[in-house]
Protein chains: 4
Amino acid sequence: MLRIGMLTSGGDCQALNAAMRGVVKGICSKRDDVEIYGFQEGYKGLIYSNFKMLTSRDFSGILTLGGTILGTSRQPFKLMRVPDENGLDKVEAMKHTYHKLNLDCLVILGGNGTHKTANMLREEGLNIITLPKTIDNDLWGTDMTFGFQSAVDIATDTIDKIHTTATSHSRVFIIEVMGHKVGWVTLHAGIAGGADIILLPEIPYDTDVVVDAINKRKAAGKRFTIIAVAEGAISKKDSKLSKKELKEKQEKKKYPSVAYEVAERIQKRTEQEVRITVPGHMQRGGSPCPYDRVLSTRLGAAAAEAILDGDFGKMMGVKNGDIVRVPLAEVAGKLKYVDPDSDIIKEARMTGISFGDK
Amino acid sequence: MLRIGMLTSGGDCQALNAAMRGVVKGICSKRDDVEIYGFQEGYKGLIYSNFKMLTSRDFSGILTLGGTILGTSRQPFKLMRVPDENGLDKVEAMKHTYHKLNLDCLVILGGNGTHKTANMLREEGLNIITLPKTIDNDLWGTDMTFGFQSAVDIATDTIDKIHTTATSHSRVFIIEVMGHKVGWVTLHAGIAGGADIILLPEIPYDTDVVVDAINKRKAAGKRFTIIAVAEGAISKKDSKLSKKELKEKQEKKKYPSVAYEVAERIQKRTEQEVRITVPGHMQRGGSPCPYDRVLSTRLGAAAAEAILDGDFGKMMGVKNGDIVRVPLAEVAGKLKYVDPDSDIIKEARMTGISFGDK
Amino acid sequence: MLRIGMLTSGGDCQALNAAMRGVVKGICSKRDDVEIYGFQEGYKGLIYSNFKMLTSRDFSGILTLGGTILGTSRQPFKLMRVPDENGLDKVEAMKHTYHKLNLDCLVILGGNGTHKTANMLREEGLNIITLPKTIDNDLWGTDMTFGFQSAVDIATDTIDKIHTTATSHSRVFIIEVMGHKVGWVTLHAGIAGGADIILLPEIPYDTDVVVDAINKRKAAGKRFTIIAVAEGAISKKDSKLSKKELKEKQEKKKYPSVAYEVAERIQKRTEQEVRITVPGHMQRGGSPCPYDRVLSTRLGAAAAEAILDGDFGKMMGVKNGDIVRVPLAEVAGKLKYVDPDSDIIKEARMTGISFGDK
Amino acid sequence: MLRIGMLTSGGDCQALNAAMRGVVKGICSKRDDVEIYGFQEGYKGLIYSNFKMLTSRDFSGILTLGGTILGTSRQPFKLMRVPDENGLDKVEAMKHTYHKLNLDCLVILGGNGTHKTANMLREEGLNIITLPKTIDNDLWGTDMTFGFQSAVDIATDTIDKIHTTATSHSRVFIIEVMGHKVGWVTLHAGIAGGADIILLPEIPYDTDVVVDAINKRKAAGKRFTIIAVAEGAISKKDSKLSKKELKEKQEKKKYPSVAYEVAERIQKRTEQEVRITVPGHMQRGGSPCPYDRVLSTRLGAAAAEAILDGDFGKMMGVKNGDIVRVPLAEVAGKLKYVDPDSDIIKEARMTGISFGDK
């Protein structure tokens, strides 16, 4: 008997169900004696032994379904090794559930935070296989994560729609795209949507440069400017503050989010009206795009193969178009940032996009 | 020679180009001697005699194009009859342009404010034909305006996408839908998207009732609640304030928009996280939906017929599925509200939707 | 106890699930003591007493789901009153199931054929309520059927996509749109997609006129022509044949469908390549459009009200924007055709569309 | 002065305009003295010196526009070196135009056939830069071509829509996907759409195996089977015929296309109805997907850089995520096939997909 636990953790994204379907169909194509334990709402389900027994039937027809049939939750990583107010050591509780159910492997789908916990469980001796899920595409060790392209599609559609209304009025439009620490979604959606200015966490912006870019467009007879700004975009000035100073400054201003901050800085210094669009959680929603369905199905099937091989402690990743097994120890705790000197940034600049830095 | 002026005014929406194409193709199907004057950026173009000469070629291939090829702007209606700081009487300026160009007719596409000005120009003796353009569907005298269904489609798509992420987490999602004075878009998108709670300007809500509805869902095992709120939704308490009192209150709170206000009221009293999505101007963008393309093409062709008949001073409208000519004098200054006692509200309640009122 | 049977019959379409959800949510909003019998695969389920007991939970979350959770099948109406090869009288069998289960009402969702059977069951004394489901919009007694607008959206999207490739090459494109007897979908998708020529069953075409229209476009410098043809479009010549003669002629030629026939007639007489697209059953698929979701939800809730009122033998329909109850006896056996002299046809002609007739 | 000629050749696809915009914006970001010659309708424009002078303005706003603003045509490669019936040597004519206009470089966007001609022109001494355009993704020397992902998205959407109608009836659905020689689009759309059976040119199918797969699904209680078949799919038997024998056989049968052939073979041997959908040229149409917009913009900008470097005779390609310059000599005349033993095929099989071969 092969006993597989499975959980999805962290912010949800598209293709979680598709990936799990790939794992289960993959294993069941080779083995008949499989038991699947679906833990509910992320690590919480593992901690409190809250699970459902699932069969391959449960994974039929969910390829195109957004969200996750297991539910998910965000887990406070830093508190895990310390007993909480009820005296519960959560790591011990997870190990206990794993061993009590006699699991052969735990399949974990998640992003950066999730992988830290996954690696910790691996260090504790559990058999772990992970799948790189995040719209942010910021996981170290893989060229691509599933959810990313779907989020890019939605953010681009937002910019597309704004474009038509922008051409009718004489305005500046700011679209806030998801990404607190990394700018991958904003960068790709910005290029794809034909944004004029793209502001990323990795390239601190200078308000003067942004205002100049807007005014130059106006002077050239263009009626509008479209700015794609990542949630974590930061000005050059603010990027030099300490974490504490920055937090104090932000609390004083109380902008609901970065788009409102950029808007205020710009509005004073251009003569154009500014309008804000915040697609928000839409970017995690809906059916996965075909690209993500293929990617997640492949990663899922590859995970099945790793499990059948008994090759644990690995994240399934993409490297140069191939599906590869990456040691969890190498992945955990590292982020994949946009490199300001990379080709894609250079090419984007060549097509006239300003990153607000020079 | 037939000389037609044309302008689009007010907030833009989908199918403006489709409607103008219908007018021009319609006229040119019967007359060869036509001159078309496209005034730029709404009434501004008429005031300052800023126009382009257009031919039927310019209207080819724009059926599916969002925005307006003429540009638009919002016009401060109340100031029009009084000379401005430069001594310019804008109404006189518009009449002057009309007569100088020897126009036979002025075709005006716009919403509520636009129609007030259009009717004033009619009273001044100009030949006016109007087309009912607004995502709000709030124009008196027509069952339907173009732009409305396209906006409903986009707002519904937003709710659809939020739905999948909502099922993954245990949260309350608030989606802010366009509509300051009337709730048509919110009502239709809310029903179509399966919202659990719909808050409209026409039905003031009671925060207690809203919180109850959320908690009842939670108690029944539903993981999430989706609230579609119109920009102009108002609480029962606030609806009893004078305009001045309300404004003072709002300025003190400084919510960026109504969704943030509702969120704050709810968050304190439910145990669920609240997330906000503001699709904003997206709702005016993109290609018109097929419904709006057919509607605006029909209205445009019907306008052409009215012009050829010399039957001026009319808005083209929809009545019981037929295209009709409605006297401008009847339309101007009136809004079409959602009736809280109408069948559609009753039917929505029967499917379990709460309007937060009882 | 209220015992409701429910079935979907005939070709499937979008919003069947949404409509059933409306009925069930509507009834359950007023009564607690409800039993729902979901008959499988249309009348077949009623004949062979093949059903599932359903609760309101089963109808939760299906608003946006295409297809029908009950399954459907096409039923040979004409054979129903005569015992089949096994001696089974199907009408008697249906009555037997109805009475055996002690049903209070049978809710039937279907199109033209389905309504003939529904009316027959009414005449046999059963309590029947029906909902007008068909992409064809050809049901007598209602201005609109659900499924129609969704099919129009998909057919229009097909034409839109063909448009971009058409502008690149110099070609004639024929898109075959669903509709054997009536041309509603083709007419609306043709107008919405900007088709140059629209061929409908209700307006027999003359090949000479079609070829002329193509060549005139070419002479005017237009690189392409787009033809939207309904499955049941027919030439003037063929429309004069007897049914038998027509069938013989068609069998000799063996075109897979009408688009291939039109293509052959045209290709010989224009110098342009002809390309064919047959979206086929796609037009019945996917999530219902927001328009259909609102319509079907309203019709469903209205059906619930009729059931609670005990007002049977009615189809829920749309009349001038209101939901009305139409006697089944008036509906059965009649089709709602496109009127060649109607306003919409006139308006379409004014925008340059040729119907191939003159 | 930098004189750049540009042409698009072969079947059109999405993102041609986006790629040209990338080239032109890229060059104009570094040089002011640029003349752009846009040859009309592919090589034809070069042969007959039919071109338009374009400026960077002409490439503004076309990022999202499907088709090609230059037009295209298919070119009979094999006839090029031999004077035609008018004594015109087309290769000489193209060289003549190039030299007469004093071009510094010719940018060619096209697929396999186009690249053969491009390489021939390079051998004749012209400065050539090419961009890999094709929905087929079959160009040697690049991991990815633009147009491919957009076509996959459309074909997948077709399968998605068929899925909902398939679940309602008990049927076999065949969707014919573009790809005469290679199966990339069918493979990816098939996996993404959850097809049960995928038939590719690279993996000849056995009708017995296909029928078995269908009947096994039926026996397992699945109501429907979805088959994605590439235009060039071939049975094992037919794959053993000589080209001449195959052609004779096909002419005798006269199927409009492969889906009809597969349908006939299957229908006789399963008890289920078979339905066919042929999205056809739709797959080349519409706005490019965000993935293709980013890819083509990057390739275009990289082409600009190669031109500015004077590094000619190269195709811009993708290798392991980087944009690279591939010698045209290596590319011309080679196709990139789906490898039946590759990982993606293995992974697809693990999720239960049958390729009809075993």
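For all residues, glycine too, the Cβ spot is worked out from N, Cα and C.
Cross-referencing D:GLU92, D:GLU231, D:GLU245 against the substrate binding annotation in TrEMBL, which names D:THR134, D:ILE135, D:ASP136, D:ARG171, D:MET178, D:GLY179, D:HIS180, D:ARG275, D:HIS281, D:MET282, D:GLN283, D:ARG284, picks out D:GLU231. Going by what TrEMBL states, the ATP site holds D:ARG74, D:GLN75, D:GLY111, D:ASN112, D:GLY113, D:THR114, and the candidate of D:GLY11, D:GLY22, D:GLY26, D:GLY38 recorded there is D:GLY11. Cβ environment of D:ARG74 (ATP binding site): D:SER9, D:GLY10, D:GLY11, D:GLY42, D:GLY113 lie under 8 Å away, each six or more residues apart in the same chain. Here the C-alpha separation of D:THR134 (substrate binding site) and D:THR114 (ATP binding site) works out to 10 Å.
In sequence order, D:ASP136 are the recorded positions from D:GLN75, D:GLY111, D:ASN112, D:THR114, D:ASP136 with a C-alpha within 10 Å of the C-alpha of D:HIS180 (substrate binding site). Ranked by CA distance from D:MET178 (substrate binding site), the recorded positions D:GLY111, D:THR114, D:ASP136 have D:ASP136 at the top as the closest. When the binding-site residues D:GLY111, D:THR114, D:ARG275, D:MET282 are screened for a Cα within 10 A of the Cα of D:ASP136 (active site, proton acceptor), the ones that qualify are D:GLY111. The closest partner of D:ASN112 (ATP binding site) among the binding-site residues, by CA position, is D:ARG284; the full candidate set was D:ARG275, D:MET282, D:ARG284. Sequence-distant neighbours of D:GLN75 (ATP binding site) (same chain, 6+ residues apart, CB-CB distance under 8 A): D:SER9, D:GLY10, D:GLY42, D:TYR43, D:LYS44, D:GLY113, D:THR114, D:THR117. Max Cα-Cα distance over the annotated ATP binders (D:GLY11, D:ARG74, D:GLN75, D:GLY111, D:ASN112, D:GLY113, D:THR114) is 11 Å.
Using a 10 Å Cβ-Cβ cutoff, D:GLY113 (ATP binding site) registers 19 neighbours. In the shown protein chains, 13 other C-beta atoms lie within 10 A of the C-beta of D:HIS180 (substrate binding site). Closest by Cα distance to D:GLY111 (ATP binding site), from the binding-site residues D:ARG275, D:MET282, D:ARG284, is D:ARG284. Less than 8 angstroms from a Cβ of chain C: among the binding-site residues D:MET178, D:ARG275, D:ARG284, that describes D:ARG275, D:ARG284.
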